[in-house]
Amino acid sequence: MFPKSNLTVTCWVWRSMRKLFLLLSLLLSHAAHLEGKKDNQFIWKPGPWGRCTGDCGPGGVQSRAVWCFHVDGWTSHLSNCGESNRPPKERSCFRVCDWHSDLFQWEVSDWHHCVLVPYARGEVKPRTAECVTAQHGLQHRMVRCIQKLNRTVVANEICEHFALQPPTEQACLIPCPRDCVVSEFLPWSNCSKGCGKKLQHRTRAVIAPPLFGGLQCPNLTESRACDAPISCPLGEEEYTFSLKVGPWSKCRLPHLKEINPSGRTVLDFNSDSNERVTFKHQSYKAHHHSKSWAIEIGYQTRQVSCTRSDGQNAMLSLCLQDSFPLTVQSCIMPKDCETSQWSSWSPCSKTCRSGSLLPGFRSRSRNVKHMAIGGGKECPELLEKEACIVEGELLQQCPRYSWRTSEWKECQVSLLLEQQDPHWHVTGPVCGGGIQTREVYCAQSVPAAAALRAKEVSRPVEKALCVGPAPLPSQLCNIPCSTDCIVSSWSAWGLCIHENCHDPQGKKGFRTRQRHVLMESTGPAGHCPHLVESVPCEDPMCYRWLASEGICFPDHGKCGLGHRILKAVCQNDRGEDVSGSLCPVPPPPERKSCEIPCRMDCVLSEWTEWSSCSQSCSNKNSDGKQTRSRTILALAGEGGKPCPPSQALQEHRLCNDHSCMQLHWETSPWGPCSEDTLVTALNATIGWNGEATCGVGIQTRRVFCVKSHVGQVMTKRCPDSTRPETVRPCFLPCKKDCIVTAFSEWTPCPRMCQAGNATVKQSRYRIIIQEAANGGQECPDTLYEERECEDVSLCPVYRWKPQKWSPCILVPESVWQGITGSSEACGKGLQTRAVSCISDDNRSAEMMECLKQTNGMPLLVQECTVPCREDCTFTAWSKFTPCSTNCEATKSRRRQLTGKSRKKEKCQDSDLYPLVETELCPCDEFISQPYGNWSDCILPEGRREPHRGLRVQADSKECGEGLRFRAVACSDKNGRPVDPSFCSSSGYIQEKCVIPCPFDCKLSDWSSWGSCSSSCGIGVRIRSKWLKEKPYNGGRPCPKLDLKNQVHEAVPCYSECNQYSWVVEHWSSCKINNELRSLRCGGGTQSRKIRCVNTADGEGGAVDSNLCNQDEIPPETQSCSLMCPNECVMSEWGLWSKCPQSCDPHTMQRRTRHLLRPSLNSRTCAEDSQVQPCLLNENCFQFQYNLTEWSTCQLSENAPCGQGVRTRLLSCVCSDGKPVSMDQCEQHNLEKPQRMSIPCLVECVVNCQLSGWTAWTECSQTCGHGGRMSRTRFIIMPTQGEGRPCPTELTQEKTCPVTPCYSWVLGNWSACKLEGGDCGEGVQIRSLSCMVHSGSISHAAGRVEDALCGEMPFQDSILKQLCSVPCPGDCHLTEWSEWSTCELTCIDGRSFETVGRQSRSRTFIIQSFENQDSCPQQVLETRPCTGGKCYHYTWKASLWNNNERTVWCQRSDGVNVTGGCSPQARPAAIRQCIPACRKPFSYCTQGGVCGCEKGYTEIMKSNGFLDYCMKVPGSEDKKADVKNLSGKNRPVNSKIHDIFKGWSLQPLDPDGRVKIWVYGVSGGAFLIMIFLIFTSYLVCKKPKPHQSTPPQQKPLTLAYDGDLDM
């Protein structure tokens, strides 16, 4: 019991343990899963890449943020994600800058062909099954970002910075699938010849290939057995036999096993073993260097068999007749081309870092050691290239190149004037517009930091390294013209004053006069005259008392003695009031005695003002004088005080008593700015070279005293106060050292050896980019250096050295005897020779050297013949006979028969074995013929200025006599082209030509300025030019001319209106107009003298009276009156008071006078005051400045163009329109305009500046006729102003010399040579000839020596190919069919593409059904074509015949084809009814349904099929009465019967149901009966009495009802 219980417990424990283990494993796996799940709960998520920062180009850096994410989407600490798979945060990038848009662009290729869209997933049937017109497709194209400069591909992100990427695919349509279209079968061929089984065949050709998934072409051949095989007659075999030769085996050497002890050789026709045994008597060693290279001669065999016309083999004896074909021949053991080992890789072409992403390249090469022979493998490529990338930060940046320029050279006016007048010569200082030039060169760009560290300036390099347009080498410039100051007139002489009023000394002083500058001088040579003149004087006074007198007041009573009040002020020499303490002591008295006349006293007027001085200066002969006077107003009465004598009525005094010799200071021009030690030490700036550069200096000049009309005098004679400065500060010009570029690199010496003994030199140069100035370091003398290249070796000349030919090597004797059984060794063989390459000093060289310098390697092997006993033998050919000078002569050579051949009849046949060969002698007569058009007229080249870069007008020829050329085609007597040097030394015929010279418009010189058009005020001065010659032939055009062919310039001018004015003297005494002269009072007259004076000099010298204005001449006489003693005497009227500036008419003007003597009878005196209104232009005047228009732009006399000045003049005009003195406007303090001159620019007349002609380009063709070469020139400076326009001819062309073309021409393939067989494998050969032609190979090409064509471009395999001639019974391919017409792919009649297709095909011909399994496949060939047409295909059908007709497909041009038409739309060719018409009297109709015969009607079932044919009643009677109805029963068209057969009035249909028309007729009859009944009722009914009611009145409405109206 216990054991059982223990067992139970054990089982239970074991089961419990199993469950526990299972639970633990589940828990562990779950924990591992959770742990793994925990590891997979966090993932890295990178953000988008940021912008590329850093330098422009490939050195940029791009960064992005990287986060650690939980799978639920929330971010976590970075430590939760694994560091190993963390995405990168930074990467290098190409930073795109805006200027990159000029360097990169999208390059888009053409759209590729439209291809079908791939089938959708799960779609089984092709989409083309439902195609109607076209099917959907896709077109792709290549879009890439490229660098414009070298068309290299870069990252697309660069171009995306500027423009979106163009699409790379688009939808398109593909035409529906088009099956292969073939022509109709040709007629059956004739039955094969012979008796027995005969076959005939027919073929067809492909017209259009299958396209767009269409069906492939069907078989193009059909064969069938002839119907009636002809039995062979007795004695004639059923089959024909042909000798079939097989292909030659590979060339091999004899095996040891082929030779047995008996000397017999067992031939192995099929052996292609590579095992070789070299027999010494069968090989010839060709020594090359120290290593032997044997050319081995082996043999090759072929099989010969007899084949029957049905393709079966037959006994060989049935085919052999006269001779047995050759089955073994000598051959060359093939040897492959042998090359040397590859050289080491060259350094990578990219050796620096640049912005280009294009990799570099490196290459390696190998040489040919032995050429391939015997059909061995040709030489492989001898040069190998591959891309390479050199990486690393230590790699230096690639140099960048940019255009650099020197400073502009000095402006040269001569360059401009030479254009206008080639014979112009400098006659004085020139200024104005000119041309300045500079050097333009290409140099390596240096970073700014490096440029600061390095003192060496840039080095010029080749200009081809710089891209982009070069800076202009010349430009217009301007030399400022110098103009002198414009000054005003001299002022009046001042008072005599001390030289220094602050420290007066001595009794001598100076009187001065001034003038001021109206317009400053311009330019470096502009000069101002002296502005102050002085004269010495006595008793100088700097300050003076100026007293004004009042009227006389009586001291007692009303007359008698009295006094005047004096008012004195102290004034300086300028008339300004100053303190009285400055004037001399004592001051003038305040009172002055005077006398008032009593009633009977004589009355005198007041003294007049002192007149102007009679002279401007005094000399020994005369002095200047001034006068004043007074007049008698009333005579004295009885007892009164008498009048003074006439002498007492005038007073005189001296004036301008100074000498006429004026003194003034003169100055020399300012000297150059020089250093002042003290000033320079304080202001200098120190440059990097430690020398003083710029600062402040001083300028000095000499000052000396000049006496007018005498010259220089002692300086103390001139007042020191007006002495000009002799020293002034100036800016020191910076010292400019000459700066030159570094020398360019030496031009490279040739790495390759040089032919001949010519001296090769290399050179370098440097360019002056800054000239020395202001004492700087001068430029070096050497700017160009040249030296001879060292270690330049002469190229050795290599040539081939062939050895003698070896003896003729035949097939091995054992092989030969094994086949023929003859011991005679004769027939065709091969002979070899060694060819080595040697130098000109007979040293061995590599074969590659000779291959480079020669036109190919000489032959190593050639065929030879060992004559047999039966062969004809000859002596060697003699030399050709000498030629005479006659071109008709021939040369010949001879040979003779030798030995027994002289007696053999076949050897006497001169056609087979000619003994004389004749050739035409070379002829030195050549025929020249002009070809092509004449070239442009070409002028000789002109001189070029090396530093200006411009063509010198005087030396360059743009017109005149030149030459034009025409090519010469030279040919020999046979019409073959030869080198043109045989006919002409240059290959051209030339003749003189003339290019008309342009003549510019020529005008005269400027006339002198005319006088001012106005003598007073503002006028115009004019000068003019007139036309001398008109322009023609493209000369400089004329400016705009007037009707008189003149051009004018006008400038304003001004004449001072008071320059010449009338000066009046004092009035004389009044003379009474009384004849008796008894009365001494009353009216009378008085006179005065007038004269015309020039007031411009300030003194008023008398001039001719005609110069003054005659309209303003003052009166010389006037009426006057002397008051009688008893009359009241008044003084003369004083001046009118001033009117306001506005001339207000409400304002009055007043003048007064006072009583001098009362009347005796106490009568009232005349008025003592007068008033008048201020009226404009009567007694009140206004003044204003008047400005002229700007003048034309005025240049200096020596300036042709450039900076000028435009001026305008200022005048003062009265309100009445009359010009007045400028003083009037100045006195009223009117605002003066500021700018009286402005700068202007006269456009320079610049002729078009052209570069020199470039060198002639290479001929557009290497040989032949039709080639052209050209040269061009460029516009350096376009025409400006009225310059000579640029010529339209910037390119010149001429025909190239007609040189002969030499080409290798392959001949046609020969017929297949079987070498004794009737069919089988043979060989075709063709010739390779050197032909000469004039550009196109045609029938006119002639054959010449092979050496003229150079190295042969073809291998032997191109000149020989295997071929086969089918044996009777063999299945073989036909020749190619003709190319079909060009057909386009079209949709709905419109072309789908521009290029069409045409096809041709080859099919097979079966000659025996037994061999049809071995037939080759038919071949289809398609090529593109142009000029195609759209064709459409339609089904055509013939008329029915016994329910059958012919259906075919026809192309739109009428060609019957197979394919092209839709199979679904094919019409039926056989007419049949389903099910068949088996009912009595039924037949199958054209519609394909059963119908009934005539006289029966169809009874149809519900499903539309015929049930039975029911006889039409009465049809028998009509049939029986044939005689009576014969005239009516004419034949009726069965089709018409079928049409109207269904119209019989049968009430039942074939199914027995009532027809619809029966129901219609019944319904219609019922309606008619009801209508008749109703009508009868109305007619019979009694009518009711008629009652009418008045119509109801409707209200009238005026509304318009449009609907009612409508």
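Cβ coordinates come from backbone N, Cα and C, glycine included.
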With Swiss-Prot as the source, identify the stretch among 503-526, 623-646, 1583-1606 annotated region 'Disordered'.
1583-1606
Say a student had to find the N-linked glycosylation site annotation in Swiss-Prot: which of N6, N842 would be the correct pick?
N842
Looking at Swiss-Prot, which of C705, C718, C779 bridges to C738 via a disulfide?
C779
Pick out which of the glycosylation sites N1308, N1456 has the most other Cβ atoms within 10 Å of its own Cβ.
N1456
Report the nearest neighbour of N842 (N-linked glycosylation site) in space among the glycosylation sites N190, N219, N1186, N1456, comparing Cα positions.
N219
For N933 (N-linked glycosylation site), what is the tally of other C-beta atoms lying within 10 angstroms of its C-beta?
12
C-alpha spacing of N1186 (N-linked glycosylation site) relative to N933 (N-linked glycosylation site), in angstrom:
71
Candidate with sparsest Cβ neighbourhood (10 Å radius) among N190, N219, N757, the listed glycosylation sites:
N757
On the DSSP side of things, how many residues of the domain 'TSP type-1 4' (336-392) fall into helix, strand and coil, could you say?
0 helix, 19 strand, 38 coil
Find the one among the glycosylation sites N190, N1186, N1308, N1456 whose C-alpha lies closest to that of N219 (N-linked glycosylation site).
N1456
Determine, using Cα-Cα distances only, which of these glycosylation sites is closest to N757 (N-linked glycosylation site): N190, N1186, N1308.
N1308
Run through the domain 'TSP type-1 18' (1370-1431) and tell me, per DSSP, how many residues are helix, strand and coil.
6 helix, 24 strand, 32 coil
Going by C-alpha positions, which of the glycosylation sites (N1186, N1308, N1456) is nearest N190 (N-linked glycosylation site)?
N1456
Assigned conformation of N190 (N-linked glycosylation site) - DSSP reduced to three states:
coil
Most crowded position, judged by CB atoms within 10 A, among N842, N1186 as glycosylation sites:
N1186
To the nearest whole angstrom, state the Cα distance for the pair N1456 (N-linked glycosylation site) and N1308 (N-linked glycosylation site).
36
